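Below: the structure, in structure tokens.
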Amino acid sequence: MTSSAAGLSAASAVPTASATAAVRARRPPARVREDRATALVASLAGLGLGVVLGAALLTLGPLEASWTWATTAVGRVSAVVGTYGMLWMIVLVARVPPVERALGHDRLVAVHKRVAPWTIWLILVHIVFSVLAWSGQEGVSWPVELWRMTLTEPWILAADVAVILLVAAGVTSYRRARRRLRREVWWTVHLYTYLAVALAFAHQITVDGPFLSGWARWVWIGLYLVVAELVVVHRVALPLIRSLRHDLRVERVVPEAEGVVSVWMRGRDLNALGVRPGQFANWRFMAPRLAYEAHPYSFSAPVYEDLMRITVKNLGDASALTARLVPGTRVLMEGPYGTMTAANLGSAGHTVLVAAGVGLAPARALAEDLSDAGVRVDLVVRVPSPSALPLDPELRVLERRPGVRVHRLVGHRDAHPMDAAQLLSLVPDLREADLYVCGPEAFNHLVLDSARAAGLSRDRLHHEELAM
């Protein structure tokens, strides 16, 4: 089923030239900025890698054609590269605002998922080859040498525990394992990654290696201190200070659709947070069984001076408890995050927003903001039934705006496959538009693949994954 604004004329559907020019002039297209920022971050990471890798190579001495030299070299190089990569993975999830805004949350997630497993494998390679090198020097078997090192070398036992924690994080990150775990369990396992990195640090500057003394030791310590500062400041201190300063508390919980509620929160001077429609934050509600961890939810309405709103679908566990929040519950907010905002438009002057289920919440808010900027908007939302469509009264108000069309696709997914043909039938000039998609991961990839098949270029496709 598809509905459009009644009486929408062709003239009113097209924004004025001056309005479109104003949007275009805000800044370069998001993908261009992201590519430049990615190149800069990659250059910095490469420079740092060169420094620490050079330190490791200098400690190896002259090249030798021996088993001991070869195993020692592989062990040290894999340790340095793996640990350095692990520190960068922590920087990516520290949500440093300039990095987040420049690279885009979806790109940070993609890099983290691609690189993190390799850092763990490299650390395992380091263990194997280091034990082989030391067992060769001592003239004993590798199990005997591993046991001796654990019992006698300083901080090796702590490093062993660190490896176990890292492997647990890696195993639980595989898709099949993650699907079977409650989010709270997965989150807890990954929280211990910080402990693992800390436990591994001491043996790196006390046991045989490139960071025992000299400038290399201080560079390595400084690197750890910088990463620790980023985590403490941006993941703990700033969110806590901001939440207390703005005194965020639950105002009311409003049912929106089957299994969907909106949580209104009241605070003071909320405009100072700089939230833009389309963004999200991590929310920690100080209530039983909810205070333990934060959950990512998108803003579903513009932020006012003293009110803000998120919309949440009941997916079990914490999201089910959210519907039972009581007024006055204190809220800790970490954010805002995300680059899916009107400020990151390209030069199209026409944006297509595609949402599934509760993904409509940020898409609706973004559609309103785009319309205010004079951008023509097509909002496509797919839901399984009329009772599952949230915020429909607000959609009816939205589609009365000039230049805004709302397409409601209600029914089984087989009836609305979201393939290239259907997208083009809904929006014939799709190829000239920017496209934003917001929904479950599988839905996002389906729509992006269909949009590419329909002829959209990469720089006009936008999506974000809320969770890391």
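Any Cβ shown, glycine's included, is placed from N, Cα and C.
What TrEMBL records for this protein:
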type: DOMAIN; residues: 243-343; note: domain 'FAD-binding FR-type'
type: TRANSMEM; residues: 37-61; note: transmembrane segment
type: TRANSMEM; residues: 73-94; note: transmembrane segment
type: TRANSMEM; residues: 115-135; note: transmembrane segment
type: TRANSMEM; residues: 155-174; note: transmembrane segment
type: TRANSMEM; residues: 186-206; note: transmembrane segment
type: TRANSMEM; residues: 218-238; note: transmembrane segment
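Across the domain 'FAD-binding FR-type' (243-343), DSSP helix (H, G, I), strand (E, B) and coil residues number 15 helix, 42 strand, 44 coil.
Most Cβ pairs within less than 8 Å of the transmembrane segment (73-94), among stretches 37-61, 115-135, 155-174, 186-206, 218-238, belong to 115-135. Remote same-chain residues near the transmembrane segment (155-174) are listed as 86, 113, 116-117, 120, 123-124, 127, 149, 181, 185-186, 189-190, 192-193, 195-200, 202-203, 206-207 (criterion: CB distance under 8 Å, separation of at least six residues from the stretch ends).
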